[in-house]
């Protein structure tokens, strides 16, 4: 199989493909035939899950700011602001929730998963930080599977109810507001 050896203008690609960047995740993979997952993500996204990826993730913020909410080893939430033009390398296995506001774009690169390599999508209570729900997947289609996991959580009131404090997370996710 021959691969195309050609560059292209990424900003033009983003402009021509904006309609593909839809909530909740707003992601579009650029190349299907690579050993990397290279995708453009736009804002505003509508997600509150924390992704636990077995590989590092490279963030390059093209326009605006991205807020990567991370869970530290001590269990605390910490927000990393990735400003326009900045890069950020997120280490493997750090639970993180990338938040994008309107009219922002970024590039995220991570490696494709090996057969049998699993990763998690985790939801924590907004009130007490208790783990509410966890989905473990063999990731093969990042555009499809992340949306399915988010939809499954949002549409099920039982798993949106915290068993620790009783808080019920709303079905609809509002745009991120950095506090």
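Even glycines carry a Cβ here, placed using N, Cα and C.
The annotation in Swiss-Prot ties 100, 110 to substrate, and of the candidates under consideration, 57, 148, 158, 171, the one tied to the same site is 57. Ranked by CA distance from residue 47 (O2 binding site), the binding-site residues 57, 96, 128 have 96 at the top as the closest. Residues 57, 100, 110, recorded as contacting substrate, have a largest CA-CA distance of 18 Å.
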